[in-house]
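Here TrEMBL flags 1-188 as domain 'G-protein coupled receptors family 1 profile'. If you look up TrEMBL, you'll see 9-28, 77-99, 136-159, 171-190 marked as transmembrane segment.
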Amino acid sequence: MTGKTAREIITILWILSFVIGLIPFFGWNRKHTICAKIRRDNTSNTSLTQELSAGDNIISCELPCYFESVVDMHYMVYFNFFVCVLVPLLIMLGIYMKIFTVARNQLRQIELKCVGNGDSQNHGLLQREIRAAKSLSIIVGLFAVCWLPVHILNCLTLFYKQLDKPKVVMYVAILMSHANSAVNPIIYAYRIRDFRNTFRKILAQHFLCRREELYLSSNSSRHNRDQINMTIDPLL
């Protein structure tokens, strides 16, 4: 994994995110459905009827800017949830189950060898690899916890149209989905040493106004230890 490859992957992911997120702006939304309902409810208002319709085509109308009022649940459930979230999430869960199964088997084999020759080096390396996998699984698990509530509510909204759910429940679910982005950097800094050191450097240089040379000199021993450990365990 080179820096160039990482930048290309990040660019592709951001482009995909923009495309997926902007699809409702290109027509997959509830504008025509809600505007038609407003037109039916206001047939006695001649000026409003003329504004909303030109022949059979709806031109424009004002909608309350609420999530469920403007976003089509077919888009949110069938495309956003089933295709873009659920399928990748199930694939990742399957991969992590495979990782931990293989790691557990290898750990047992190494433990048996350690009993015979007393060498615990391989045991320590595998333990660090398992810790790295756990770090990534925590991030994926947190993503599922934060995002599944809003998608489950969207499914209920689509398949049970008469369901009367409190608005505060939907608001909390939406806030949880956004909170995932705010919590991720904290998880990265806590579990991944490279992120933690980078955040320290940013804090020292840009918030504490310390020069990079002073930061490096005061943290040289720790920095060297991190570089050595990173060659073995980049996610410790």
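Just so it is clear, glycine is given a Cβ too, placed from its N, Cα and C backbone atoms.
Confidence over the domain 'G-protein coupled receptors family 1 profile' (1-188), given as mean pLDDT on the 0 to 100 scale, stands at 80. Nonlocal intrachain contacts for the transmembrane segment (136-159), taken as residues 6+ away from its ends with a CB within less than 8 angstroms of a stretch CB, comprise 68, 73-74, 76-77, 80-81, 85-86, 89, 92-93, 96, 100, 165, 169-170, 172-174, 176-177, 179-180, 183-184, 187-188, 191, 235.
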